[in-house]
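*Asks:* Just dropping this structure here.
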Ligand SMILES: Cc1cc2nc3c(=O)[nH]c(=O)nc-3n(C[C@H](O)[C@H](O)[C@H](O)COP(=O)(O)OP(=O)(O)OC[C@H]3O[C@@H](n4cnc5c(N)ncnc54)[C@H](O)[C@@H]3O)c2cc1C
Ligand SMILES: *[C@@H]1O[C@H](CO)[C@@H](O)[C@H](O)[C@H]1NC(C)=O
Ligand SMILES: *[C@@H]1O[C@H](CO)[C@@H](O)[C@H](O)[C@H]1NC(C)=O
Ligand SMILES: *[C@@H]1O[C@H](CO)[C@@H](O)[C@H](O)[C@H]1NC(C)=O
Ligand SMILES: *[C@@H]1O[C@H](CO)[C@@H](O)[C@H](O)[C@H]1NC(C)=O
Ligand SMILES: *[C@@H]1O[C@H](CO)[C@@H](O)[C@H](O)[C@H]1NC(C)=O
Ligand SMILES: *[C@@H]1O[C@H](CO)[C@@H](O)[C@H](O)[C@H]1NC(C)=O
Ligand SMILES: *[C@@H]1O[C@H](CO)[C@@H](O)[C@H](O)[C@H]1NC(C)=O
Ligand SMILES: *[C@@H]1O[C@H](CO)[C@@H](O)[C@H](O)[C@H]1NC(C)=O
Ligand SMILES: *[C@@H]1O[C@H](CO)[C@@H](O)[C@H](O)[C@H]1NC(C)=O
Ligand SMILES: *[C@@H]1O[C@H](CO)[C@@H](O)[C@H](O)[C@H]1NC(C)=O
Ligand SMILES: *[C@@H]1O[C@H](CO)[C@@H](O)[C@H](O)[C@H]1NC(C)=O
């Protein structure tokens, strides 16, 4: 295979910044083959690229459809993260879901990072690992004890580099150092500027300890309760897979190359043996050979799309779209799961909320100057003050109809994530708010990703099917009640002025929930792991695509069930273990 380098932006052996402007104009046809080709320079893909190139004898090419993650303050300033949700963001794939019956036939926006670092470059930076039971369930489902909480501890630590927050406040009692890694690659830190409502939240846990217990560290494996958020933030700025796993010292490796604006259209095979990928750069089509494996890390939406465009999926459906089937694997794109989120808000008796600066350009400019000059101040964190995880009571009536979908008795069904202000677009023109987004973290609804056509550059059809299951609706109603119980604590007296929604009866609550629920952007399950030899699922426990050779999937699509977690840390953990699985598979032949 050969690649024509004309007009290709090519990054090689130097920092991203210095190479960004280096556009190779040569028309020489250069041989182009690598040991591994990674499709997608996102959260997981950059981990694989980094770890495999630790061995200088191994060559890796990363093909990323988006551009550079630099020169865009919205990707760097933590507090600006919600701006990445604005329509027409240049770093978004601009997806929208289908109309969903569970949401009164509404479609919702479905952002995905279209930039180096993928969704880790645009996400809200919460670092949550899930419960130990989540991981032990993956081990049980796949039959591979390597996916258990205990076994994954070394991979958690390879990823995590726990650091001091920028305000250097006394963090004793806000996390448990015993459960953290301090020598990994991706920085994790506590909040670096004090939120004015911290005392009220903590007082609520003291007032209502049965319902809202304080949890000193929800990343210990025991997730339940309310505690301080941990963020993928380093020195007051976002830490993404691009800033960490592709830091300049790693990009200097001669055996690691990253090509931006390179959109993979399909994987190339002879029969069921895959050996390379086809991609486009500014309208021209190229091919590159993977001598060992193609690693598909395009995320839960694009990974199943690329598999199907490459002939791997439900053969009869592919055939009817005019795509030559290569391998019948009907689970591709199925079982899409995500967390539905309902933003609940209250008007508050304070101007010390994020709403104030969001409406005052002068104040915001002062805050940005402080951030720019010293990396301190109110912009150094994401928008959540705390995170809380809760269970339905064991005698809840819903368990007569559904068996408990949580991973176990110490895993949550619901989550509340306090925000000191309403700064998600569209922001209200007046008022100061407390927002408690309510999330169902053990949903039973399952959706799917399907192809709209054989168009290699078209959008897939995305249907998360939110609130299809009555369990999810029930849990959301309970989450609304829990949020109201939360703010009814004396700690909030004189602070809460009024609710922005008072739905009370069952019917009112159902209408409100179906009318206002949105996505939290945690899609998983579309290339799910299952035991080796299983008749369902897409990948084996070692992440190889079932029934074909030469492709592994390493991204959030491989979770067979959604974890009770924001999904970036779980994705990093999967990618760290995947890198070791790949190294082990080729041991002796190159290591
Ligand atoms: C707005 C938002 C907020 C979020 N907030 C949080 C949070 O606070 N905490 C948390 O834990 N999680 C959060 N998440 C979820 C989390 O970021 C994702 O689950 C995780 O980053 C997914 O990683 P991934 O590797 O599977 O995919 P991604 O990181 O999305 O990587 C996929 C990469 O592949 C590239 N790609 C796709 N198709 C192609 C193609 N055809 N050719 C070449 N490249 C391609 C993409 O451009 C992208 O760079 C959020 C997500 C979003 C969108
Ligand atoms: C999303 O829309 C923005 C604004 O039009 C654009 O810059 C960007 O390239 C689009 N993303 C993709 C993947 O086309
Ligand atoms: C949603 O759409 C379906 C199919 O078009 C229709 O039957 C149903 O009545 C609609 N539901 C609502 C709440 O509008
Ligand atoms: C930090 O706080 C803890 C308990 O709140 C206290 O015991 C400890 O002395 C404090 N450390 C410093 C350096 O002030
Ligand atoms: C969806 O996942 C479940 C396990 O959670 C599995 O039993 C089922 O077969 C999957 N469905 C498809 C279509 O793969
Ligand atoms: C906006 O912020 C500036 C700087 O803090 C302040 O002087 C000004 O009064 C504020 N404007 C309004 C309308 O509150
Ligand atoms: C940030 O600081 C740099 C110099 O370090 C300056 O060039 C730039 O204008 C500043 N930006 C803002 C928004 O203050
Ligand atoms: C569940 O048990 C508690 C006491 O433990 C009781 O107060 C409550 O009414 C019970 N709820 C249901 C639905 O039975
Ligand atoms: C599917 O294709 C049709 C016809 O080209 C188009 O009108 C429609 O918008 C597409 N749907 C999606 C989800 O892109
Ligand atoms: C707002 O707070 C002030 C004290 O800070 C108090 O006097 C006033 O009553 C509060 N207003 C409301 C509506 O609670
Ligand atoms: C909710 O009820 C409170 C108290 O009766 C009232 O002040 C508030 O305006 C109501 N909110 C809405 C949106 O109706
Ligand atoms: C339904 O949603 C619309 C659009 O967000 C909103 O204007 C309206 O107030 C909502 N109605 C209820 C009852 O939640």
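Any Cβ shown, glycine's included, is placed from N, Cα and C.
Under the heading active site, proton donor, TrEMBL lists 522. What TrEMBL records for 566 is active site, proton acceptor. Annotation source TrEMBL lists FAD binding site at 115, 264. Look at TrEMBL and you will find 299-313 tagged as domain 'Glucose-methanol-choline oxidoreductase N-terminal'. Residues or ranges marked as signal peptide by TrEMBL: 1-21.
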*Asks:* Which one is closest to residue 522 (active site, proton donor) in space, judged by CA to CA distance, out of the recorded positions 115, 264, 566?
*Replies:* 566
*Asks:* Using a Cβ cut-off under 8 Å, which residues of the same chain at least 6 positions beyond either end of the domain 'Glucose-methanol-choline oxidoreductase N-terminal' (299-313) come close to it?
*Replies:* 39-40, 42-43, 93, 95, 110, 112, 118-119, 264-269, 274, 323-330, 332-333, 336, 449-451, 454, 456, 460, 462, 523-527, 538, 545, 548, 553, 555-557
*Asks:* For the domain 'Glucose-methanol-choline oxidoreductase N-terminal' (299-313), what are the DSSP-based totals of helix, strand and coil residues?
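*Replies:* Result for the domain 'Glucose-methanol-choline oxidoreductase N-terminal' (299-313), in helix, strand, coil order: 11 helix, 2 strand, 2 coil.
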*Asks:* Can you tell which of 115, 264 has the most other C-beta atoms within 10 Å, given these are the binding-site residues?
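*Replies:* In terms of Cβ crowding, the pick is 115.
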*Asks:* Give me the Cα-Cα distance between residue 566 (active site, proton acceptor) and residue 115 (FAD binding site), rounded to a whole Å.
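*Replies:* Distance between the two Cα atoms comes out at 20 Å.
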*Asks:* Calculate the per-residue pLDDT averaged over the domain 'Glucose-methanol-choline oxidoreductase N-terminal' (299-313) and state the result as an integer.
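*Replies:* It averages 98.
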*Asks:* For residue 522 (active site, proton donor), what is the tally of other C-beta atoms lying within 10 angstroms of its C-beta?
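*Replies:* The answer is 25.
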*Asks:* Measure from the Cβ of residue 566 (active site, proton acceptor) and count the other Cβ atoms within 10 Å, all protein chains considered.
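*Replies:* Around the Cβ of residue 566 (active site, proton acceptor), 27 other Cβ atoms lie within 10 Å.
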